[in-house]
Structures are given as structure tokens and as C-alpha cells.
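What Swiss-Prot shows for this protein is this:
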- R16: site 'Transition state stabilizer' (SITE)
- K23: site 'Transition state stabilizer' (SITE)
- R151: site 'Positions MEP for the nucleophilic attack' (SITE)
- K207: site 'Positions MEP for the nucleophilic attack' (SITE)
Amino acid sequence: MSTTCAIVPAAGRGLRMGRDRPKQFLEIAGRSILLHTLDALAAAPFLAQTYLLVPEDFQDEARGLVCGHPSVTVVAGGAERQDSVLNGLRSLPDECGWVLIHDGVRPFVSSALLEAAWKTAQRTGAAIAAVPATDTVKRGQGGTVVETLNREEIWLVQTPQVFRRDIIASAYEAAVQRGWVGTDDASFVERLNLPVSVVLGERTNVKVTTPEDLDWAQWFLLRSGGLAGRISGRE
């Protein structure tokens with residue numbers, strides 16, 4: 001029987017955070033962002049193993065951090081996010097037939113969303129979490145508006161993104177061979193003209209990228225009394 005493995009890309013340097021260490025190792029309420037994320041993934045009973053991609057020079061620190069998560073394997077990441085995910089895909093055991101990819105700096109994902117994306121992918125082969133755009137979206141060029149896009153058709157993409165292994169592996173190998181560049185995993189699947197299902201995401205499933213995001217994360221944890229009471233269900 002095939003199992004589901006998670007790939008957690010967390011090898012970025014976090015330059016937009018303006019700190020002297022990668023953002024995933026910064027703390028929220030005395031615990032690193034990365035550990036909050038791994039705690040959330042650990043609440044998903046269908047995940048057999050997690051592969052954590054970190055900067056090569058932070059592997060020892062990461063192994064120390066995850067000692068309480070025996071199902072987590074630390075792997076050296078690459079220069080870009082897609083390089084890290086590719087390293088993760090190439091590290092998976094043969095029995096892993098499904099792959100869940102989740103950003104290491106999205107610590108507030110609920111187990112309900114993880115399960116919804118996983119169950120949808122089981123039916124369709126590929127599924128992503130996303131939320132509808134609420135702001136007006138315009139396309140610009142050279143500081144001038146070119147057009148206003150139809151907001152009803154715009155989705156703001158998150159992770160988790162879940163795929164049948166052969167689909168996402170083929171998509172990433174095609175990206176290597178053809179020089180494709182993408183900021184999310186589903187974009188490579190789309191370029192193979194394969195369908196990708198959308199699951200309604202969560203507004204609180206924030207990617208902690210900027211100092212303002214970090215402030216919001218601290219506030220959110222304080223307001224919610226920590227993660228333990230909320231990762232089992234959506235808000």
C-alpha cells in the first residue's frame with residue numbers, strides 16, 4: 001500500500017525579514033516557526049514521513065530542533081525553492097505514492113485543510129489550497145496600469161499542495177529538462193496540461209515572510225492561546 005510523505009521546503013535565507021538568520025528559525029512564542037509548522041503536520045494521521053529541506057549550513061541545527069519529531073528527515077535544500085523540492089522528491093522512499101508539499105513558514109495550517117487537500121488529490125491526482133482574491137487586482141507595466149483583472153477568477157495560492165507522486169515527479173523532471181521556473185509546485189503540473197483541483201484555503205494560513213507577518217503571527221498565537229487548540233479544525 002502506498003503512503004503519503006510530506007516535503008517541507010525551508011531552505012530560504014529570508015532576506016525580506018531583515019534578520020541575521022533564516023526566518024524559519026526565528027521564534028514565535030518561544031518556539032521556532034519551523035517547529036510550529038512541523039507540529040501542525042504531525043497532527044495529520046495520513047502522513048507517514050516528512051522530509052525537511054534546509055540550508056546546507058543549517059542541517060545540524062535543524063536536526064537538533066526536530067529531535068522530538070522522529071518521522072522527520074533533514075535534507076540539504078537547494079539555491080531556489082524548486083531546487084529544494086526536487087531534492088526532496090529524489091529523497092523519497094519507493095513506498096511513498098503521494099506527496100504533500102507545504103511551506104516551512106506556514107505554521108498555522110489546520111489539520112482540516114491538510115486532510116481536505118489530501119482527500120481531493122486522492123480523487124483527482126493533484127490539489128492545491130487557495131483563497132479567493134478580495135482586493136481588486138490590476139496588471140501593470142512600467143508603473144502604469146495595463147488592465148484590471150476579473151477578481152472572480154483570481155485565486156491566491158497557498159500550500160499544502162498534494163500530488164500523486166508520478167505526476168509531481170514528472171513535472172519537476174520536465175522543469176529541469178526544459179528550464180522552467182516557478183514559485184509553486186502546481187505550475188509545473190499545469191505546464192504538462194494536467195488538471196489541478198482547488199481546495200478552499202484559510203486566511204490564517206499565512207506565509208511568514210516579512211517583519212509585519214512575524215508581528216501578526218505573535219498576535220495570532222496570543223489571541224488563540226497557542227496552536228494546540230486550533231490545528232484540528234478550521235477557523
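Cβ coordinates come from backbone N, Cα and C, glycine included.
Situate these features within the shown structure.
When Cβ atoms from all protein chains are considered, those within 10 Å of K23 (site 'Transition state stabilizer') total 26, not counting its own. DSSP assigns K23 (site 'Transition state stabilizer') to a helix in the three-state reduction.
The Cβ of R151 (site 'Positions MEP for the nucleophilic attack') has 12 neighbouring Cβ atoms from other residues within 10 Å, across all protein chains displayed.
Under the DSSP three-state reduction, K207 (site 'Positions MEP for the nucleophilic attack') is assigned to coil, being neither helix nor strand. For K207 (site 'Positions MEP for the nucleophilic attack'), the number of other Cβ atoms no farther than 10 Å from its own Cβ, over all displayed protein chains, is 15.
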Between the Cα atoms of K207 (site 'Positions MEP for the nucleophilic attack') and R151 (site 'Positions MEP for the nucleophilic attack'), what distance do you get, rounded to the nearest Å?
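R151 (site 'Positions MEP for the nucleophilic attack') has its Cα 22 Å from the Cα of K207 (site 'Positions MEP for the nucleophilic attack').
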